[in-house]
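Student: So TrEMBL says this about it:
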- B:21-42: transmembrane segment (TRANSMEM)
- B:255-273: transmembrane segment (TRANSMEM)
- B:280-298: transmembrane segment (TRANSMEM)
- B:310-331: transmembrane segment (TRANSMEM)
- B:338-358: transmembrane segment (TRANSMEM)
Amino acid sequence: MRLVVDEVTVRYPRADRHILADASLTVEPDRTLAVLGPSGSGKSTLLSVLGGLVTPTRGTARVAVAEGLAPALRDVTAWVLQTVNVLPERSALDNVAVAARTRGLGREESRAVAADRLADVGLARRAGDAARVLSGGELQRVVIARALASARPFLLADEPTGQLDRATSEAVLDALFTTSVGAGVVVVTHDLAVAARCDSIVRIDDGRVVTA
Amino acid sequence: MTQRWTARASWDEAIANLSRGGVLMVVLVGLTAGIVGVGLVADVHTADRVVQAERDYLAEGGDLLVARRQDASTIDVAACVAARRLTGVTASAAVTVTPGATGVVGRPEARQTVVAATDGVLDLLGLPVPGPDDVVVSTVVADRWQWSVGSRLQLLPDDVMPGLPRGVLTVSSVADLELLSEGASTGLLVAAPGTGGADACFVRIGAQYREDVHAALPAVLGESATGAITVADRLPAGALAADPAAAYDQRPTRWVGAAAGGVVGMVWVVVAWTRRGRAALYASIGVPWSGGVVLRWVEGLGVVVPGVLWGVALAVTYAVTALGSSVALVLDVAVRGGVLACAVAAAVVLVAGLWQPATLAALKDR
């Protein structure tokens, strides 16, 4: 199973220019890919196309499978966003367990999976704490645990350490790369240090994939 | 790979969100209760006034018609009694008021007005049937002569109104006789025989039969070419036109329950808008649209339904204890209004729950 973006152009309504222009990309399973580029270059839009959140104006984005019916992009991707999105009044465990339930697991089974994923990212002891009392780094690790709990084959991370200090960023990246083994990971970043930890790098400039 | 999010998962999430919603959820339920409660109290208050107005209206004779001969001759008493059998007539009585009809033992110089009426007058006045030696006295006379139920009196009949009882009479009731005429308000009420003539024929009618009875009564009372009979409302012109049932059904606050439900629904829409990021969050995690809809429905109904129930309970409690409204009336108005409020609010919640914001934009708004 691969994610394939084929000559995709994205132009938002009423926008006077394209966001992506004839962008092509393939995301392989069990590989990490960094997408580099300046602000406004189209990195996040490319990620949204990969996740099925944005429909291309032209070109195709799809899941390629060796045989059988290809699933929808949304069904095979999990997100880690720059802005931490959690349910603040719910516990870390609840926030992760909800992703496990998208797999059809029952309530208790989902909580067990969530506990394991939180342990994977080093947050076992804070599982019962409400998300609103966790630090930024801890929240980002909760989000990573949530993405892992969904067991999607691809993980899309949009500047996952963009709002964290260096030390916290390292901890979050460690959690991301060590726990996502087996999944295809796409990390949008403008941080070369983050990109350096990936198997491959593509650069985007003015909506075009200029290096691969 | 297919979506395997279940309706049970949506239910669990919604209940967890409600139970951990803290102050926000409590405030929303309280606000809902307040909106519905205030609206229903206003409606109960209005309905109460309508019912009270109906009581006053009936007490003053609003449902009475009075038939008299135009030439001031008498109405046939037997025909008046028979008018009770007309459809729409609930009571009839032949009444004669004779001012200064008799003297009273122990009250020298005083002449007493006597109201002679057939048995039906007891239905008109809502009085129990008196015994053969009993008399009903008006409140005015009872005050003047210090009579009360059980007091004994004796009349001194003369030529003015022959046939009055001469023995000792016992006051069986004290009643406001003004219903029968202004002159009757200072009278003693005694039984009249079922034959002969009377000044007037009083009939009590159901409001919906007014026109029919009004038209039929002259013929029933023996109207002829030489003896026209006029039928008039006991109250001044137009007063009987008031229809209590219509006034109740068309009271201006009758839709306040629906309006309260609409306001509650709009409050929830605003809340849902401010929480659109949560809807997007669930979508980004992989909760399908249908699962998100069920989740939002349960959350919305979880606020609206308890809030409306609380509001109804508050309204009932306040109306019964503070306004002194009758329990039956309050329950009728509050339950109808509550059901209406709940239905409208739920409809808004259900429709609003269908909307799911654009995931990416909503997430960036968080």
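Note: Cβ is positioned from N, Cα and C throughout, glycine not excepted.
Can you walk me through where each of these features ends up in the structure?
Tutor: Sequence-distant contacts of the transmembrane segment (B:255-273) (same chain, six or more residues past either end, CB-CB distance under 8 Å): 28, 31-32, 35-36, 38-40, 42-43, 279, 296, 300, 303-304, 307-308, 311, 336-349, 352-353, 355.
When Cβ-Cβ distances below 8 Å are used as the criterion, the transmembrane segment (B:338-358) is approached by residues 32, 36, 39-40, 255, 257-258, 260-262, 264-266, 268-269, 272, 276-277, 279-280, 283, 289, 292-293, 296-297, 300-301, 304-305, 308-309, 311-312, 315 of the same chain, each at least six residues removed from its ends.
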Student: I need to check the long-range neighbours of the transmembrane segment (B:310-331): which residues 6 or more away from its ends have a CB within less than 8 Å of a CB in the stretch?
Tutor: 29-30, 32-41, 44-45, 47-48, 51, 260, 337-338, 341
